[in-house]
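A.B. asks: After the structure tokens below, expect a handful of questions from me.
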Amino acid sequence: MDVTNQTTVREFIFLGFSAVPQLRLTLFVVFLIVYLLSLVGNTLIIFIVLMDSALHTPMYIFLGNLSFLEIWYTTATVPKLLATCLSQIVTISISGCITQYYFFFSMGATECILLAVMGYDRYLAICNPLRYSLLMSLQICLWFSAGSWIGGFIAPLLPTILISYLNFCGPQKINHFFCDSDPIFKLSCSDTFFAEALGYTCSSVVILSSFLLTMSSYGHIMLTIIRLSSREAQKKTFSTCASHLTVVSIYYCTIIFAYVRPPAKYNFTIGKVVSVFYCVVTPLVNPFIYTLRNKDVKKAFRKTLAQKRLLWDRNIQDF
């Protein structure tokens with residue numbers, strides 16, 4: 001497109017859920033409650049894992065990483081979402097939009113890799129219990145954790161660089177509540193074919209490869225559980241990975257629907273609704289599933305509360 005006589009756009013305007021103005025206040029309250037619960041829940045998991053030495057094992061180190069990731073993953077998008085529910089005009093600069101795009105997709109890629117690593121960890125623990133401490137030592141666990149973050153932040157780097165070279169000449173309204181890839185490409189007056197193709201390829205490779213690795217781990221786990229002779233042993237073994245599988249299913253179903261498809265098939269209304277699940281709902285579901293279904297976490301939580309209560313009582317007596 002010829003951009004010679006067109007005005008360069010310096011900022012975008014988020015439309016959010018402006019199509020349903022009568023529900024904006026209700027949506028604001030709901031999203032705010034979910035966001036705060038997500039922050040509190042994930043922060044609590046990190047605190048429990050750090051405070052209880054019994055949880056300084058690979059499984060809970062990965063869980064702490066996931067909770068830390070979820071805090072920033074949801075914080076990258078939800079504040080703007082809340083703003084669109086309160087204000088008619090919510091803007092973001094071009095550089096701010098590209099920065100949000102990069103951090104959102106970096107943390108999304110990190111979560112994909114981390115979920116695959118957590119699935120592999122459960123596979124080793126259940127299918128190779130005698131060699132688990134050797135195959136997943138603390139050092140290897142830390143390397144896996146660091147690798148997840150590094151790989152996640154490298155994955156969207158090149159697509160982000162290409163997007164930063166695009167020209168935006170108007171319109172400036174993003175039909176979304178954050179800087180997602182398709183709405184950005186829709187507003188560009190440059191040729192976006194290469195940037196779209198590369199972004200689509202990167203997201204598909206990261207999502208599908210991590211999904212297949214994760215499902216492969218859980219497939220082997222299911223076969224191992226079936227071979228167990230005791231029904232009680234089957235139930236106990238399955239309970240250790242059921243929470244992981246629940247989080248994985250919710251997360252991958254939504255992001256595969258959103259990003260593993262041709263760009264031409266994108267529907268902005270459906271895209272916004274689906275985005276709410278992986279931007280808002282999943283970060284909340286994560287801590288509650290892990291705390292409600294995991295006996296070790298609940299035990300550590302009660303232990304921490306008891307210690308804090310005892311410390312409080314002593315301080316009161318000294319006072």
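The backbone N, Cα and C atoms fix where each Cβ goes, glycine too.
TrEMBL lists 25-50, 101-120, 132-158, 205-226, 238-260, 272-292 with the feature transmembrane segment. As annotated by TrEMBL, domain 'G-protein coupled receptors family 1 profile' applies to 41-290.
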A.B. asks: Determine which residues of the chain contact the transmembrane segment (132-158) at the Cβ level, with the cut-off under 8 Å and only residues 6 or more beyond its ends counted.
C.D. replies: 56, 58, 61-62, 65, 101-102, 105-114, 117, 121, 124-125, 198-199, 202-203, 206
A.B. asks: Could you give the mean pLDDT over the domain 'G-protein coupled receptors family 1 profile' (41-290), rounded to a whole number?
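C.D. replies: That region's mean pLDDT is 89.
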